[in-house]
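**Student:** Pulled the feature table from Swiss-Prot, pasting it below:
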type     : residues                                            : note
ACT_SITE : ASP315                                              : active site, proton acceptor
BINDING  : LYS23, SER24, ARG28, SER166, GLN168, ASP315, LYS342 : 3-phosphoshikimate binding site
BINDING  : LYS23, GLY95, ARG123, GLN168, ARG346, ARG390        : phosphoenolpyruvate binding site
Amino acid sequence: MIKKLSIQPASGLQGDLSVPGDKSVSHRGLILGAISQGTTTLHHFLPAADCLSTLTALQKLGVPIKRVDTTVTISGRGLRGLTQPQQPLDMGNAGTATRLLTGLLAGQPFETTLVGDTSLSQRPMERVRQPLQAMGAQVQLTAGHLPMTITGRTLHGSRTEMQVASAQVKSALILAALQADQASTIIEKLPTRDHTERLLQQFGGQIETAPDQRTITVQPQPALVGQSLTIPGDFSSAAFFVTAATIIPNSHVRLTNVGLNPTRTGFLNILRRMGGQVTVDHEHRMGEPVGTLDVRFAQLHPVQVTATEIPAVIDELPLVALLAATANGISTISGAAELRVKETDRIATIVTELQKLGVRITSQPDGFVIDGRKSWRQPTEPLASHGDHRIGMMMAIAALRLAAPAELESAEAVNISYPTFFEDLARLSQGV
């Protein structure tokens, strides 16, 4: 397992790349396949640590699942067919799976305990416990965190006004609502990624989103039906190469079959406002909108990103910071306090790591201010992922722009979401 890598400067990125399957869709496809009737096949599944934690947890809940490389076959057990695991479910670092399974297990007729690694055990779970409790669920936390014990009970339809803009919490409530005694309504604070809603409709679920894109009604579901799905390429993974091609001169990269769900692509809107050279072509559908991203090097302008944009760019905010660090002025990102409760306090880790390069960046309670006009310098200490996959990949991209090689510590963190990241980066840059 990699611990430390030396990353060489790149004179330009060139080539075509198909990124791995979408992490969010892989999690959700596994879960919906598990509670459907019949067989579900997932093609282009993401075999990263987080998704494998979900797969293993479902197997321990009695779901027969077979995986061959990126193809997964699930023998669905139906909505009421899960069985009590023999021991606590170890969710590793998988925050998405933990919150989604909490909603699912809240209506199952047995008790389950979920545990996780050090990082996951520090992430807030009260946000999912409270609305589930209002539906009649019994969820016991440890000081607001994992370990968490869920005692399945009869759930009641409810009307929930969400206090945080979180697709994970919304999805937990949707999975609980499928098992309730009557319809449930979920009102989002801001629209968030809608993979669960789209997939649930494909599996035969009755779910409706109002024109305001914030009000969701879920009907109790007697049965879902297994599907054959091809998972699109992960937009968040593609965004690393979009960023690299944008900030490294002499770059031209094409990224194929990338998922372009509009609730995920806020990053492209921000990049274009900054003067980025990215176009979309070969658009089609694979259950979700998909297309090819064509990206070239560009000189960037500063940008202001505010709270209403955050849900559609939450995973790409480290990259927005990196782009801003090359822009010809002062950029501000605000309304992003959610970054503080990700795998790390990402506001703190972004500031720490970019300051190693001499970037003028200061933290705010809910974001940061970045002046990109100062030239970068060679770091005097190793760059670090802090065990956070997105910080590790961000700094690997940043290192390509330096004048001399740089070391990246804890590089293995990329396995959480993108195990082949460094191989793909090397193909395009010859820089690792």
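Here the Cβ of each residue, glycine as well, is placed from N, Cα and C on the backbone.
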**Student:** Considering only the recorded positions GLY95, ARG123, ASP315, ARG346, which fall within 10 Å of GLN168 (3-phosphoshikimate binding site) when distances are taken between Cα atoms?
**Tutor:** GLY95
**Student:** So what sits near ARG123 (phosphoenolpyruvate binding site) in its own chain, CB-to-CB under 8 Å and at least six residues off in sequence?
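**Tutor:** GLY95, HIS145, LEU146, VAL341, LYS342, GLU343 - these are the non-local Cβ neighbours of ARG123 (phosphoenolpyruvate binding site), listed in sequence order.
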**Student:** Taking only the Cα atoms, work out how far ARG390 (phosphoenolpyruvate binding site) lies from ARG28 (3-phosphoshikimate binding site), in Å, as a whole number.
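**Tutor:** Here the two Cα atoms are 20 Å apart.
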**Student:** Same-chain residues six or more away whose CB lies under 8 A from the CB of SER24 (3-phosphoshikimate binding site)?
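**Tutor:** Sequence-distant Cβ neighbours: THR96, ALA167, ARG193, HIS195, ASP234.
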**Student:** In the structure shown, which of the binding-site residues LYS23, LYS342, ARG346 has the fewest other Cβ atoms within 10 Å?
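**Tutor:** Relative to the other binding-site residues in LYS23, LYS342, ARG346, LYS342 has the fewest Cβ atoms within 10 Å.
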**Student:** Determine, to the nearest whole angstrom, how far the Cα atom of ARG28 (3-phosphoshikimate binding site) is from the Cα atom of ASP315 (active site, proton acceptor).
**Tutor:** 17
**Student:** If you pair up every Cα among LYS23, GLY95, ARG123, GLN168, ARG346, ARG390, the residues annotated as binding phosphoenolpyruvate, what's the maximum separation in angstrom, rounded to an integer?
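**Tutor:** The widest Cα-Cα gap among those binding residues is 19 Å.
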**Student:** For ASP315 (active site, proton acceptor), write down the residues of its own chain that are at least 6 apart in sequence and whose Cβ falls under 8 Å from its Cβ; none is a fine answer.
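**Tutor:** Expected: SER236, ALA239, ARG390.
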**Student:** Using Cβ atoms only, which residues of the same chain lie under 8 Å from SER166 (3-phosphoshikimate binding site) while being at least 6 residues apart in sequence?
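**Tutor:** Set apart from SER166 (3-phosphoshikimate binding site) by at least 6 residues yet with Cβ under 8 Å, we have ARG99, ARG127, THR192, GLU338.
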